[in-house]
Amino acid sequence: KGVDVTSVLDPVTAYRPTWSRQIEFTLAGIGAAVGLGNVWRFPYLCYRSGGGAFLVPYLLMLLVLGIPLLYMELTLGQFTQRGPVHALAHACPLLKGVGVASVAISFILCTYYNVVITWALYYLFSSFQDPLPWLNCNNTWNTANCTNHATNSSSSWICDLSPVCVFRYKMLQQTEQVEDAGQMRWELFLILILAWILVYFCIFKGVKSTGKVVYFTALFPYIILIALLINNVQLPGALTGIQYFIIPEWEKLLSVWVNAAAQIFNSIGIGFGSLLAMASYNSFNNNVLKDTLTIALINSFTSILAGFVIFSAFGYMSHLQGVPVSSLAVDGPGLVYVVYPQAFASLPLPQLWAVMFFFMLLCLGLDSEFAMVEVMVTSLTDEFHHTVMKYFKRKELFVLAVCGLAFLLGIPCVMEVKTNVGIYVFQLMDHYTAIVSILFLAFFEVIAICWCYGVTRLSGNLQEMTGSPAHLFFKLCWMIVDPLLISVILVFSIIQFSPARYGDYIFPPWAQGVGWLIAMASIIWIPLGGAHTLWQLSGSFTQVGKKDRGLREDLGHTGRTTSLGLGSP
């Protein structure tokens, strides 16, 4: 009595910490799911997809895709008490490469995601200036045609708008094409170092330090978003922007389903392994369904709240500039560095609002960033615990090494020559990681867990942990709806695939080739993992599958496939 039997039987579990309080996991899960994408990617997709026409498929995808798949991931992570590599190896050794691919895609993502945090820090420091640098055109970086009050209906006006000048020509010092690469953008380089220092001190003690940080970083952004919404709805023209957000353009409804599904994957983090890794630190009897619903619903609520905030700002800018709402948005993450700064001009104490807003972006980014880094740390520690302790002595030093490696790989995103090329590197990596790789990864993850591992077994795991099996709705989603839906999305994504671009600039063929190499850096582990399993176990493909099923049935809830040589990546 009082002894953790799984720790005695499994030496890997013995060193694993757990969350000090269960609310810490819930807040960390909310922080990991709610990120910068909620503030810029969701509003931009709504804008591009016809406002309310995007909300209909988005909410439907949340119900039948987002919530069931998040429930599936949290269940597997908590039950196996492992990171994505070993959890997927337990579920289906033939597709254990899916777990390695999750680690790879999260690590690639964290290397350039921290660049957006770097931008937030840059704007945060700039927000202490008086006047704010984006509120006037009397600066050396402004174009000759810079303006704060465009009056024509052409979308070209935004290229010379003061906040755009700051983003493109002051911070990024942007060039016209990806070929112009060379020197370092030293100002951003130093801030990138600072961003990684912040990430390190958030996670260097594992869940013990992360659990304390999320009390602030997960809750503070809502205070700022609500305050901005209260201010923005009082501005002239705000109602026009909100109407654009909630009233569908029904003619665009048929073309937005793939974008809605992709946003659910990216926003909640399906396939990235971060929430699965965090769930592995839960107590075995934690109520997984409660956490699933809390994380998924608050994540979507945040996206919609950010939509109201930014579209009310759109309406105000439309009124101020004399241009239609449809001509206001910019491409990519620059959305929050153009639209929001323009809205600050109307506020009393604009420096104070700017500081709070960009500090909010910092909090949103940090939560998601250290969740992605934690995937790599958890997976490597699970697999090579004794080796890690032998060479690094302390886990804190190992976390420092992982952060240092990710920092080095992110340096190309802050490069310049005549002007900055980093934004193009960022956009290329984002397109082929967050759009291309994740769809392939999610497809094979669903096949591995829902079909290979089996809905019956997954439901049985839930009953063993919580005393109740999965509801019929989730069983139907896992067994039929989600595999079919993801297959259709994947096919349509391949058919409708378009090359990476930034604004009007389409990347040249050699850059597209580099993008595909980035995508393959994660996808390639799926066939490699299957080949490794076939090589380890003798027999045909069918015989290996039968052996795999027999092993899983014999292991019970403490059955770790690693002990049988099946879990090694």
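Along the chain as shown, residues are numbered 1 onward.
Each residue, glycine too, has its Cβ placed from N, Cα and C.
As recorded in TrEMBL:
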type: BINDING; residues: G31, A33, V34, N38, S267, N299, L364, D367, S368; note: Na(+) binding site
type: DISULFID; residues: C137-C146; note: disulfide bond
type: TRANSMEM; residues: 23-40; note: transmembrane segment
type: TRANSMEM; residues: 52-71; note: transmembrane segment
type: TRANSMEM; residues: 103-125; note: transmembrane segment
type: TRANSMEM; residues: 188-207; note: transmembrane segment
type: TRANSMEM; residues: 213-233; note: transmembrane segment
type: TRANSMEM; residues: 254-281; note: transmembrane segment
type: TRANSMEM; residues: 293-316; note: transmembrane segment
type: TRANSMEM; residues: 323-340; note: transmembrane segment
type: TRANSMEM; residues: 352-377; note: transmembrane segment
type: TRANSMEM; residues: 397-417; note: transmembrane segment
type: TRANSMEM; residues: 476-495; note: transmembrane segment
type: TRANSMEM; residues: 515-537; note: transmembrane segment
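Locations of recorded TrEMBL features on the structure.
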residue: G31; record: Na(+) binding site; CB count, 10 Å: 28
residue: V34; record: Na(+) binding site; CB count, 10 Å: 29
residue: S267; record: Na(+) binding site; CB count, 10 Å: 23
residue: L364; record: Na(+) binding site; CB count, 10 Å: 29
residue: S368; record: Na(+) binding site; CB count, 10 Å: 26
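Residues I30, A32, G35, G37, T302 surround the recorded Na(+) site, their Cβ atoms falling within 8 Å of the Cβ centroid of G31, A33, V34, N38, S267, N299, L364, D367, S368, which are themselves excluded. Scored on C-beta pairs under 8 angstroms, the neighbour of the transmembrane segment (515-537) with the top count among 23-40, 103-125, 188-207 is 103-125. No contact links the transmembrane segment (23-40) to the transmembrane segment (476-495), because fewer than 3 Cβ pairs that are 6 or more residues apart lie under 8 A.
Between the transmembrane segment (352-377) and the stretches 188-207, 213-233, 293-316, the greatest number of Cβ pairs separated by less than 8 Å involves 213-233. Taking every recorded stretch in 52-71, 103-125, 188-207, 293-316 and counting its Cβ pairs under 8 Å to the transmembrane segment (476-495), the highest total belongs to 52-71. In this chain, the transmembrane segment (293-316) touches the transmembrane segment (52-71); three or more CB pairs sit within less than 8 A of each other, excluding pairs fewer than 6 residues apart.
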